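Q: In case it helps, Swiss-Prot gives these features for our protein:
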type: DISULFID; residues: C29-C32; note: disulfide bond
type: DOMAIN; residues: 2-104; note: domain 'Thioredoxin'
Amino acid sequence: MAIVKATDQSFSAETSEGVVLADFWAPWCGPCKMIAPVLEELDQEMGDKLKIVKIDVDENQETAGKYGVMSIPTLLVLKDGEVVETSVGFKPKEALQELVNKHL
């Protein structure tokens, strides 16, 4: 499954079913740029079980505020629309897999 780019309007629909890893990021954020290829690898390896959604906090401040995003990158694991895990900052692939696997 390809990584989905969400907006304030589409975020709820994109995260309402199954296990979703939501990446709150911004184009100017160095650690966000570092985590992008890690998310691509996760998508290739786990895309059949996991949906990855990216949301630009500069363009979608309403959703970032709703979820209390204060620092980026912030990664939320949602299961059927409910937040079950939160991670702030860059994490290696193995740490993200561990974060997600608990909820698959």
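Just so you know, glycine gets a Cβ as well, placed from its N, Cα and C.
Predicted, not measured: the structure shown is a model, and the values here were computed from it.
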Q: Would you count the other C-beta atoms found within 10 angstroms of the C-beta of C29 (disulfide bond) for me?
A: 18
Q: What counts of helix, strand and coil residues does DSSP assign across the domain 'Thioredoxin' (2-104)?
A: 36 helix, 28 strand, 39 coil
Q: Looking only at Cβ atoms, how many others are within 10 Å of the one on C32 (disulfide bond)?
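A: Within a 10 Å radius of the Cβ of C32 (disulfide bond) lie 21 other Cβ atoms.
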Q: Can you give me the average pLDDT across the domain 'Thioredoxin' (2-104), rounded to a whole number?
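A: The average pLDDT of the model in the domain 'Thioredoxin' (2-104) works out to 97.
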